[in-house]
Ligand SMILES: Nc1nc2c(ncn2[C@@H]2O[C@H](COP(=O)(O)OP(=O)(O)OP(=O)(O)O)[C@@H](O)[C@H]2O)c(=O)[nH]1
Ligand SMILES: [Zn+2]
């Protein structure tokens, strides 16, 4: 295996011993292949960071043929095994290294598919503004998404300059998010950045999510500082010597952290998330362990410790209501998915019998974007 674990560029993009180990355990040695990270995704190609700099890349024909689902294809943040083409700034992607974390969105169509919004995030900044848009219920939903993905959630309350007493809101969030760091910041007053330093270490990959208008773009520019141009894409010579603007969805900040800004990350949706539900409502799940009956629904059941906690003021009734509402929503999504999956299965079975010709080998789409 062409291992370049000392390569500084790859390490700057997050390569470390963990990935060394993944590589050795999952892939046989191959002289031609090098690890690289996906930094932008287009309809048929990718930009990847290799040890030799930025390359445009497509997957091999074999990869495309074997990919059963959308989620099998590379996504921004993925580590891939790529074959650089001689004397070119292009590569061909042979494989995706198993993801450590993944933000997944279920895409409902004829077939329910997983769309990877961002791969290998270490931290997810959940952004909410300290004005009339402040919404605990929304934060709860984003927390579920974060727990599901495997990334560590951090709640950022933006526009602290518009709020007389941010601490009140910080406590409110801390109450619904046990153990989750919560920080108030103001980009326009340049306040609160230092409190985020522990999450923005070199090589750490951070996603930023939250509703429209909460201040994500402002936050990204604030973090990027002088590198602002970098975050918006820079002009480079392409393989044919033309000047092109490269587009990056994963970019390096001057302090060494990596920030991910993919379109899907900006507005996450709630999807099937049972484990996430348990983590987001760990206080309720803990009380539930003490309920008399294992299948207690915490409604009007006898011996229900959750309801007892509401009665004695230990648990907020509104939070229990949110828990019920979220569980019902998850159940509804699961039912819908199961129905679509069954339909998709029938469709796939039909397709298999009619489609047998392999796709063209190395079908590349360099210029489709
Ligand atoms: N007072 C105040 N306003 C802010 C702050 N940060 C952002 N804003 C304002 O909030 C508005 C929305 O900011 P954006 O950064 O565009 O929000 P966004 O989340 O990227 O919005 P979308 O691109 O629609 O997802 C703008 O008018 C900003 O100037 C802040 O710290 N304080
Ligand atoms: Zn109960």
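From the backbone N, Cα and C atoms, a Cβ is placed for every residue, glycine too.
Reduced to three states, the DSSP call for residue 216 (GTP binding site) is helix. The annotation GTP binding site is assigned in TrEMBL to 158, 159, 160, 161, 210, 211, 212, 213, 214, 215, 216, 217, 218.
Listed in sequence order, 288, 303, 304, 306 are the same-chain residues six or more apart from residue 296 (Zn(2+) binding site) with CB atoms under 8 A from its CB. Per TrEMBL, Zn(2+) binding site is recorded for 291, 296, 298, 304.
According to TrEMBL, the feature compositional bias 'Basic residues' maps to 347-362.
According to TrEMBL, the feature domain 'CP-type G' maps to 109-268.
Screening the binding-site residues 160, 216, 304 for a C-beta under 6 A from any atom of ligand 2 leaves 304. All chains included, 22 other C-beta atoms sit within 10 angstroms of the C-beta of residue 160 (GTP binding site).
The two recorded residues, residue 216 (GTP binding site) and residue 298 (Zn(2+) binding site), show a Cα separation of 37 Å.
Sparsest Cβ environment among the binding-site residues 158, 212, 218 (other Cβ atoms counted within 10 Å): 212. DSSP gives residue 158 (GTP binding site) a strand state. The 6 Å Cβ screen around ligand 1 retains 212, 214, 216, 218 from the binding-site residues 160, 212, 214, 216, 218, 291, ordered by sequence position.
Over all protein chains present, the Cβ of residue 304 (Zn(2+) binding site) has 21 other Cβ atoms lying within 10 Å.
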